[in-house]
Amino acid sequence: MAGFDQDIELSAYSHSHGLGISGNGRSGRQRSIAEVSSFTLGGASPSPRTKSFADVSPGGSHGRSKSIVAASDGAGGGFHGTMSRFVDSFRRGDGTINKNLDFDDDNNTSSHGYSSHSISRGHGGTRYYDLRPGTGKINTPSSLLARELKGRHLQMIAIGGSIGTGLFVASGKTLSDGGPASVLIAYLIIGVMLFCTIQALGELAVIFPVAGSFSAFSTRFLDPSWGFAMGWNYALQWIGVLPLEVLAGAMTIGYWNKEINKAIFVTIFLVIIFIINLFGAKGYGEAEFIFAIIKVTAVVGFILLGIVINIGGTPTEGYIGGKYWEDPGAFHNGFKGLCSVFVTAAFAFAGTELVGLAAAETANPRKSLPTAIKQVFWRISLFYIVSMTLIGLLVPYNEPRLLNAQNIADASASPFVIAIESAGATVLPSVMNGVILISVISVGNSAVYGSSRTLAALAELGQAPAILAYVDRRGRPIVAILVTMAVGLLAYLGDVPSQKNIFDWLLAISGLSSILTWASTCLAHIRLRKAWAYNHRSVQDIAFKAQGGVIGSWIGFILNFLVLVTQIWVSIDPLHQGDTPLTTKERVRSFFVSCLAIPVVLICTIVHKWYYKTKWVRIEDMDVDTGRRDFGRLGIIKAQEKEERMGWPRWKRVYRFMC
């Protein structure tokens, strides 16, 4: 079944275009069509090794075909040949193979017959946003991005891909602000909210595995202007996270040597992240696969150690149990303390949705994504709820090291490290800090991946500078990657005296961005189901159905909205230590530091709507077909899947339902 989806895609194309292809499901980005078939669109290929797919495509002989020939010619050129191929890989890709494997005509039109080259058209002397080409362009699977991610990559991205400073370090701030009970309640609420959201995202992404998914879904099912704002909101979120994580890694080094210059390790981390992203989607997937295994092992190890410490006690005390829930107490700062925990908890969960963004670069999302989406439940339950419960039992909220943290990235204030140090361990705290370092690289890697793909998708729609849409022959949005890495240079400001302010504003960019993205995803899913019913489609035709259905999406949307409201309240009237009341200037700063994403999104939406005169997308105008990889061959795929399921034993049926 792994290659079935692609086999059908090749077969369907060969029948509709008179092309005989006997491939094995791998439409590699650097293989000529002659390598998998003795026929081309023009008939038999007289020279199997020199005639590439691009040579017979409507676009003529250019792009990737030249790189194939160059690679063949320079294969034996030693170092010179290797460098030649390396440089050649950065040239613009033409997407010939992906483009021709879609069910579009030769003029690059969508399945509905309209051109997808422009989204701004003249209409009575005014500009307006033409939704049809916008939908066709971003929602067709003919992306230049390489489809190299596999099921195991998606599963590890879903389970532990974005576990980083949000959980390991910033959780200390949530504990000191709200107390252990507030932390547990907040993480449970955010967990339920995110479970519903990711289920909705899974259904959307399996049906439409497209680049720039969050922007695309909002544009398609809500409002083009809101989609524009969501795209930039999500891109800016990860752009802000990159320097934040890199600087956190440099500060973690200070655990061993406080005198060392942070700039040295900022450079090292940025170079490592850039090199990983040079390997494209497959490099990202393999790196995250390894990083996630390490992080998952560390969290499971901490949970086991935490249970032992709680029962066995520390060198200075005996059995701990729930003593810290009584003294200093379960709650701190009352209801406001609970509300203040939400946004930091959301920051810890941010990145779970990356599995939906990766759908566009997955070989078979119909099979791989559902399994990965189901893993999110275990991630929420095990890595967040259980670990934070143990943290609340092992570390009191008035622990001095929590209160003296320089910022949310100060690894010395990590409650995980504090809990282990309190047990008298000498080596394990260093091991935990090593895991935090790996997590920093992992989340920084995810930040470059998430922002670069979103920027490239926005540029494809004409919603960002066109140069950001540049995708090279290896399927990498190389310009968008370079832009993101350039912003990462802000991490060098970590040595300046005002580093806390820098951290605050970087966090402000990404703080509420996730909440807005998740709420939009839930609402887009609700609207998709309405459009699906309006077009007389059966829910049984949906490969992966959200386990909570539409009700689950409403629960996710409402919880996202409530978290947003509580955060606005806390930002206007923040927690304050001391008797001196906050000045108006301090309150204004507190609001923008906590809620900067809200004015950014509103400004983007209003300006775009004023410029293009967009309107809320009506149900009858929604296109529920363009961009589906199973379009036109759903019956065959469903029959194959049914036959496969019939052979499963009962234990596997239960396992596949849960995982």
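Even glycines carry a Cβ here, placed using N, Cα and C.
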Which range of 154-172, 211-229, 439-457 is transmembrane segment, per TrEMBL: 154-172
Criterion met for the transmembrane segment (154-172) and the transmembrane segment (263-283) (at least three Cβ pairs under 8 Å): no
Dominant neighbour of the transmembrane segment (234-256) in 178-197, 263-283, 334-356, 506-528, 590-612, by Cβ pairs under 8 Å: 506-528
Most Cβ pairs under 8 Å with the transmembrane segment (506-528), selected from 178-197, 478-494, 549-570: 549-570
Cβ-Cβ under 8 Å with the transmembrane segment (263-283): same-chain residues at least 6 beyond its ends: 145-149, 242, 246-247, 249-250, 253, 358, 361, 440-441, 444-445, 448-449, 452, 474-476, 481, 485, 488-489, 491-492, 494-495
Most Cβ pairs under 8 Å with the transmembrane segment (178-197), selected from 334-356, 478-494, 549-570, 590-612: 334-356
Distant-in-sequence neighbours of the transmembrane segment (334-356), which means Cβ under 8 A and at least six residues beyond its ends: 154, 157-158, 161-162, 164, 166-167, 170-171, 173-174, 177-179, 182-183, 185-187, 189-191, 194, 197-198, 201-202, 204-205, 213-214, 237, 241, 369, 372-373, 376, 379-380, 384, 408, 443, 446, 449-450, 507, 510-515, 517-518, 521, 563, 566-567, 569-570, 573-575, 594
Mean of the pLDDT scores, which run from 0 to 100, over the domain 'Amino acid permease/ SLC12A' (153-615): 85
